[in-house]
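To keep things clear, I will list the structure first and then write my remarks on it.
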Amino acid sequence: MSSPASKPASLLDASLLKPAMVDSLRKLHPRDVARNPVMFVVWAGSLLTTVLVVKDLVAPRPDAAPLGFTVQVTLWLWFTVLFANFAEAVAEGRGKAQAGALRKMRKETTARRWKDGREERVPAPDLRKGDEVICEAGDLIPGDGEVVEGIASVDESAITGESAPVIRESGGDRSAVTGGTKVLSDRIRVRISANPGDSFLDRMIGLVEGAARQKTPNEVALHILLVGLTLIFLLACVTLVPLALYSGVPLSGTAVVALLVCLIPTTIGGLLSAIGIAGMDRLLRKNVLAMSGRAVEAAGDVDTLLLDKTGTITLGNRMATELLPMPGVRMEELAEAAQLASLADETPEGRSIVTLVKDTYKMRPRELQAHHATFVPFTAQTRMSGCDLVDPHPRSIRKGAVDAIVTYVRSQGGAVPDELAQASGRIGDAGGTPLAVADGARLLGIIHLKDVVKGGIKERFDRFRAMGIRTVMITGDNPRTAAAIAREAGVDDFLAEATPEAKLALIRTEQGRGKLVAMTGDGTNDAPALAQADVGVAMNTGTQAAKEAGNMVDLDSNPTKLLEVVEVGKQLLMTHGTLTTFSIANDVAKYFAILPALFMGVFPQIAPLNVMGLSSPFSAVLSAVIFNALIIILLIPLALKGVRYRPLGAEALLRRSLLLYGVGGVIVPFVGIKVIDVLLGAVGLA
């Protein structure tokens, strides 16, 4: 479920558009424009043509371009800068709206600090890292921390949007609590883990607002490319001036500026920042908090996914699927014993056994009290559970691990049939878990527990395989069981009997081969691997150590979310690539629009290059400048929403991008510039 902070604002939302328009004007300040070298060149060109307009108004020059032409070009050049600013402001505005919603979650509370064996009430902002506070039912937790004593039900809907309460307890992987969440029951003692201003909510607000956003490596590389292209075209346009003078071509300063602006990659230059901001925004709407844009980008380049079996690939609860009686044992006898041994078992496995017996063998659950039964709980030492009956005659029914039940039967003087090992082996080979059932000295049979693979997960892995991403299942199961589940789920490889050290070693091995690795984790023992992975997604329900080690936090604590994180990263990279291709392809059409129009009068030989048949040199330049500005505003929705994600390999994606955005980037300007030329002629503006 999405959190309140993650609901996206519509692009046409007035509350978003009005501030964005104001911000786009504010961003005309040289300090803001200078952060984007491409748009700074456009800004400088706009300023230069503005000076030319004022100069022509004050002292008209006989050799100057028509004043109306210079004014129109100047206005559209300023619009180009404003549209680029508007794209960035809209992307930032969505983040500011989310930050506003997050700020509303902050509540000034009084904390019950535990110090020197007694409670004292202090304002929550006065708490420091290491302080301990007491929280009881109805209290708001005053700050981020770890439960060091007690267990409680906590409402985290203010942060995660999930209405169902969660359990937080000391000493495990569910000990982390977040400031602003509410204790619903019981009493806990919390050790504060963040100073004021460094809390989870503070970090969310800072990241959402973009205050902590840094350019990703791909953005830096793309900026270098765009700056290089801009310098090349700047030098080319500067050299045109002496060539034009030598050739006797009347080339105005306005035309040179217009040519430069149309040739440099203004489309991607104007949208680049908005694309990056929107990428982090899309991830946040999936309730995943990325600590940096670098992490989002790395997710798009991931080569290997390490996925925990439980909760990610399988449902996590083993379900009883069949009963296998031993020779000489009736199915009804095994079903009755399995049911009796499970009636007081509140685990998902125990409930599934009762349900299987009821639905398949039509045996209604019986009351243990009627048999004067005593429930025998499961322990790590015995590895079995069951019940002892008194009426109508004494019985000791047990179910549990096969080797534990075998030991129990033999201790009662019973014999173990050879068929037991064969049946257990078949279940293990199929990826299941066998539970043996005994009635005193008689071994009755086996219950087949199966870890159910999530629906649709295999198709999802097929999509990643098509993109060249390798999937590895991480499990504590034995190799035989792990291999069976891996086959059923469709993963490429598995790591059985996994330990934290084995996970870390696997990540380092993959990285040693030049691969980028992504994984999820929630426990303190996952922290080293999360820190080592290129993309480490920590669960919000996990420990503070895990959340600090990872570079993303999943507020929903859903391990499957890693797959969506990778898709968002891929979409971000695809959007960068496709719009860059489109922008550079645009320049080709604008080249054919402006250059022939400027020089065709002196050099008739280049007339065939005027493939658009534009009506006049002034109309050609003005049409290209108008198209150059309008295409930015038209592409803002695509920059914010992202290019549609398709699970294809790198070569297939490249071919598709070149065909759709490369060829399309050439054709669209030809059509657009010609249409604008016709319209300008129709209204008498050129």
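Just so you know, glycine gets a Cβ as well, placed from its N, Cα and C.
What you see is a predicted model, and the numbers here were worked out from it, not measured in a lab.
Database features, via Swiss-Prot:
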ACT_SITE  Asp308  active site, 4-aspartylphosphate intermediate
BINDING   Asp345, Glu349, Phe378, Thr379, Ala380, Gln381, Thr382, Arg383, Met384, Ser385, Lys399  ATP binding site
BINDING   Asp522, Asp526  Mg(2+) binding site
COMPBIAS  107-123  compositional bias 'Basic and acidic residues'
REGION    101-123  region 'Disordered'
TRANSMEM  38-58  transmembrane segment
TRANSMEM  64-84  transmembrane segment
TRANSMEM  224-244  transmembrane segment
TRANSMEM  257-277  transmembrane segment
TRANSMEM  592-612  transmembrane segment
TRANSMEM  620-640  transmembrane segment
TRANSMEM  666-686  transmembrane segment
Which residues, given as numbers and ranges, are at least 6 beyond the ends of the transmembrane segment (666-686) yet have a Cβ under 8 Å from it?
68-69, 72, 585-586, 588-590, 592-593, 611-616, 618-620, 622-624, 626-627, 630-631
Using Cβ atoms and a strict cutoff of less than 8 Å, what residues sit near the transmembrane segment (620-640) while being 6 or more residues removed from its termini?
11, 69, 72-73, 76-77, 79-80, 83-84, 86-87, 90-91, 94, 254-255, 258-259, 261-262, 266-267, 270-271, 274-275, 278, 281, 575, 579, 582, 586, 590, 593-594, 596-598, 612, 614, 668-669, 672-674, 676-677, 680, 685-686
I'm trying to understand the geometry here, so how far is the Cα atom of Asp526 (Mg(2+) binding site) from the Cα atom of Phe378 (ATP binding site), in Å to the nearest whole number?
28
Verify whether three or more Cβ pairs under 8 angstroms connect the transmembrane segment (38-58) with the transmembrane segment (64-84), leaving out any pair fewer than 6 apart in sequence.
yes
Return the residues near the residue listed as 'active site, 4-aspartylphosphate intermediate' by Cβ distance under 8 Å, restricted to its own chain and a separation of at least 6 in sequence.
Met473, Ile474, Thr475, Thr520, Gly521, Pro559
Cβ contacts of Thr382 (ATP binding site) (under 8 Å, same chain, 6 or more positions away):
Gly400, Ala404
By Cβ distance under 8 Å, which residues at least 6 away from the ends of the transmembrane segment (224-244) in the same chain are close to it?
37-38, 41, 250-251, 256, 259-260, 263-265, 268-269, 272, 580, 584, 598-599
Using a 10 angstroms cut-off on Cβ to Cβ distances, just flag whichever of Asp345, Asp522, Asp526 is the loneliest among these binding-site residues.
Asp345
Kindly assign Asp526 (Mg(2+) binding site) to one of the three DSSP-derived states: helix, strand or coil.
helix
For Asp345 (ATP binding site) and Asp522 (Mg(2+) binding site), determine the Cα separation and express it in whole Å.
27
Could you tell me which three-state DSSP class Met384 (ATP binding site) falls into?
strand
Pop the Cα-Cα gap between Met384 (ATP binding site) and Asp522 (Mg(2+) binding site) into the table, whole Å please.
28
To see if you understand the setup: which same-chain residues, six or more apart in sequence, place their Cβ under 8 Å from that of Phe378 (ATP binding site)?
Asp345, Thr347, Met384, Ser385, Gly400
As a quick check of your reading of DSSP, tell me how many residues in the compositional bias 'Basic and acidic residues' (107-123) are helical, how many are strand and how many are coil.
0 helix, 12 strand, 5 coil
Pick the one among the binding-site residues Met384, Lys399 whose Cβ has the fewest other Cβ atoms within 10 Å in this structure.
Met384
